[in-house]
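Features reported for this protein in Swiss-Prot:
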type: BINDING; residues: L83, C84, H85, M121, E122; note: substrate binding site
type: ACT_SITE; residues: D136; note: active site
Amino acid sequence: MQAPFPKNSANLTHLDGQGQAQMVDVSDKAQTIRQAVAAAQVRMLPATLEAIQAGNTPKGDVLATARLAGIMAAKQTANLIPLCHPLPLQKVAVEITPDPQLPGYQIQATVKTKAETGVEMEALTAVSIAALTLYDMAKALEKSMQIESIRLVSKTGGKSGDYFPPAP
């Protein structure tokens, strides 16, 4: 059974005239500098945080592996999310910072391109996969870790302008 076609679909660029999903044609758009920042957090027991910080983990360097996984994931976004355009990425930076107050880690990804469309999904994919990899690398220490608050922190450039949501 097909979902009902939205009545206000005239402005929904990912739907064709019959309400079917389509990849948006961006060929007429100008290439501009675009940047997006996304964040996530991984909550864990204080002992797990301490073990990761000390390098006492069975799988090796948790943070380096998670950071690289996030970078690699940003580059694969168009292969993972059906209607995303493959984009040339000029920058992907993933930062993973310990947060003893959480306790756990704060993850932030910054992605930059010069293209016809934005890199929000690339930044969100980067933090998501970095968080999943951190979990995978440390699950032998704790299976109750929680991945939380995956969100867009900011985006700049493009037709829709800059976006800075209120703090959570």
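Using N, Cα and C of the backbone, Cβ positions are placed for all residues, glycine too.
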Check: same-chain CB within 8 A of substrate site center, minus L83, C84, H85, M121, E122: T77, A78, I81, P86, L87, T117
Three-state secondary structure, which DSSP defines for M121 (substrate binding site): helix
Cα distance (Å, whole number) from D136 (active site) to C84 (substrate binding site): 26
Neighbourhood of M121 (substrate binding site) by C-beta distance under 8 A, where only residues 6 or more apart in the same chain count: T77, I81, C84
Fewest other Cβ within 10 angstroms of its own Cβ, chosen from the binding-site residues L83, C84: L83
Sparsest-packed among the recorded positions, when each Cβ's other Cβ atoms within 10 Å are tallied, from E122, D136: D136
Cβ packing number for H85 (substrate binding site), 10 Å threshold: 16
